[in-house]
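Below: the structure, in structure tokens.
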Amino acid sequence: MDLTARLLALGVPHPFVITAPGFTAVRLAVEQQIRERGWSEALSPADADMLVLCGSGGKEFGAVAGRVWEQLPAPRTRTLVPDPDAASACLDAAVAALRDLEGLRRLEVDRPDAAPMDMDMAGSDSDKTGMDMDMDMELPGGLPMADRGADRDGLKLDQLHLVLGPALSDWPSGLVVRLVLQGDVAQRAGISVLDGAADGPPISSFWADLIGEAAQSEPIEHVELVNAAAAADSLQRFLNVAGWPSAARIVRRLRDELLAGAAHPAARSRAIDPRSRRWLRAVGRSRVLRWSVAGLGQLGPGQLDDGVPLTLVGDVTARVLRWVDDIAVVLDPVSTDAREAVVTSRAASARAALTVLPHLLVGQELAAVRLIVASLDPDIEALQAHAAAPRKSDG
Amino acid sequence: MDSALLWSIIGGFVVLGVLAYAAAALSAAMSARESGTSAVAALTLPGQETARLLIRQRSVTPGADTLLARIGTGLLPLAALMSVLVIPLGQHAISDLSVGVVWFNAMEVLAWAAVWMVGWGSNSSWGLVGANRFLAQGLAYELPHMFALITAAVGAGSLRVSDIAAVQGLPGHLWFVVYMPAAFLVFLLSALGFAFWGPFDQPIGREIAGGAAAELSGIDRLLLLAGRYLLLTAGAAMSVPLFLGGGAGPLLPAGAWILLKTAAVLAVLVWIGHRVPAVRMERFTEVSWLVLLPLTILQALAVSIFVLVGWM
């Protein structure tokens, strides 16, 4: 065994996970596997050695996955996880491929060295701010220079076109936001969503279906449990965006425990780690977090013609504390004040969120853009499932 | 070069490296505990990550200024190693310069250049945003940091790091952390800042896909991550002679006390990084300039008066 193979065997994989619309269940299973194996997710293709595709989507999703794959440095491997039960086996196979030196070398034989890449990759730049250059100079990488436009103070400034999503960590699956930035302030924001596979089954919404099932069959606590799991999923994503990965790891684990509890009600009470309660209280009370995000993305109840859903009213902090409360209802049923149950369908709040997003994002700097999107966390899947079956109630 | 100097350089760098690895391992273990996996198994993670990065292909984006970015990644660990030349890790510093405090400050400022060069050179939006965030961060922490450093120097009447430590060991003198608590806290904050650690890690933030480090792979990434832990360790090590009495302490030899105190400060810094959410520079700059800067100036004034009156 040569040195390369030995070093290869030592490394812990850094998977880059992309989720197709309609495959939240697969994402949750993959994230749980990654957590339990002690891996850490790559934040960018450059750091990743394993591309994990959760489900397959339409043409656009395939193109994005292809462009991300091109950017993974060697050694690399890719895997497609078609359904939640396959997650463990797929990741096992991917690790085996990542340890197989001969296979890896064969894979890279045909790879063109430093190939000109399509720079319209999700989350990379399609344009570049830059120095004021003469046009006869050779342009870096043959890329076009930045356009200029008037900014809000009437100055001519370079414009940077940045595409957020769909291949971006801690980002709502299927959402694409096209920003025009000057400096790091968004001047324009365009919203679109990824379609599902044209020939595949219609998109179903994981959370909406689960909540719907829980509402029909079980006692009321069951609905609360599923709601709490959904809130924990949104909250862990937000905490990562807000720069508190430690709390995000705790809440991600809590989400998995809540989901396990929802699947097996008998095992519920012992499944939850007591430290989660302490952390959740710490998140709810953190002054630094509130101070850092307060006042962003303010939404009044009357801001939309057909009203803003109650779950979205307020600023970033208000929406995040609502998730904390949703979880606290399950963890600390005694100490939590009795609240009015706010029932808003996930599809309706996703639709409202997408409608207000362009207005909320304009004039914000990039960090604020990400915080606002994370605090709204539109469930694209629920929206698409609702559109596909308009008569069906989606909980 | 005489062999004693060579050995002291090797010894100093080895101690720094071991402490930096310990910091990385502690952070990995805390992360594993948060994820509900084995903390003990995570202690080897930094080593495994090193192995992984050593054999990875470098990543190059079209139009990247590769030279600039690679100078940047190399400069970061180099700045940490150079800064530790004046810090006593063990009995003596490698080179006890008469302007040691200024030297440390200058080396730590190199991190500004390094991170910015990495981010700009990688020709990626994320890298650019991360690089500029670090400049903004530098503007926020650097002035209070300089006043904190100079306060310790005023207290001892010397810019030589060993003099500052020695004054605190004299009979009738207390550790400087007692006379100048504000300067000590500001110094710890800025150590978090220049190592872009914990609440100040937004230049390589998750929400900008790794920021300045977004396009780094292989050895480039390894150098940046190693440089970051080395800088954090250097910051912790510097706080000991400046504020915590250097090698002063009962029973154990001075070298052991220095190591113990450094390790303790380092552990606190790592812990803060896990327990405090990120602070956005947009909001922190206000606090830094309106609260921390006047506070450190007042602290320097107070210490100057103490010295004139003869209380310290």
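Cβ coordinates come from backbone N, Cα and C, glycine included.
As given in TrEMBL:
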- B:6-26: transmembrane segment (TRANSMEM)
- B:67-89: transmembrane segment (TRANSMEM)
- B:109-131: transmembrane segment (TRANSMEM)
- B:143-162: transmembrane segment (TRANSMEM)
- B:174-197: transmembrane segment (TRANSMEM)
- B:229-248: transmembrane segment (TRANSMEM)
- B:254-274: transmembrane segment (TRANSMEM)
- B:286-311: transmembrane segment (TRANSMEM)
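Two recorded stretches are said to be in contact when at least 3 C-beta pairs lie under 8 angstroms, sequence spacing 6 or more; the transmembrane segment (B:6-26) and the transmembrane segment (B:229-248) meet this definition. With a cut-off of 8 Å between Cβ atoms, the residues of this chain six or more beyond the transmembrane segment (B:67-89) that come close are 11-13, 15-16, 19, 95-97, 100-101, 103-104, 107-108, 110-111, 113-122, 161-162, 165, 216, 220-221, 223-224, 226-228, 230-231, 233-234, 237-238, 241, 246-247, 258-259, 262. Sequence-remote contacts of a segment are chain residues at least 6 beyond its ends whose Cβ falls under 8 Å from one of its Cβ atoms, and for the transmembrane segment (B:254-274) they are 15, 19, 22-23, 26-27, 30-31, 34, 88-91, 188, 191-192, 195, 197-199, 201, 232-233, 235-237, 239-241, 244-248.
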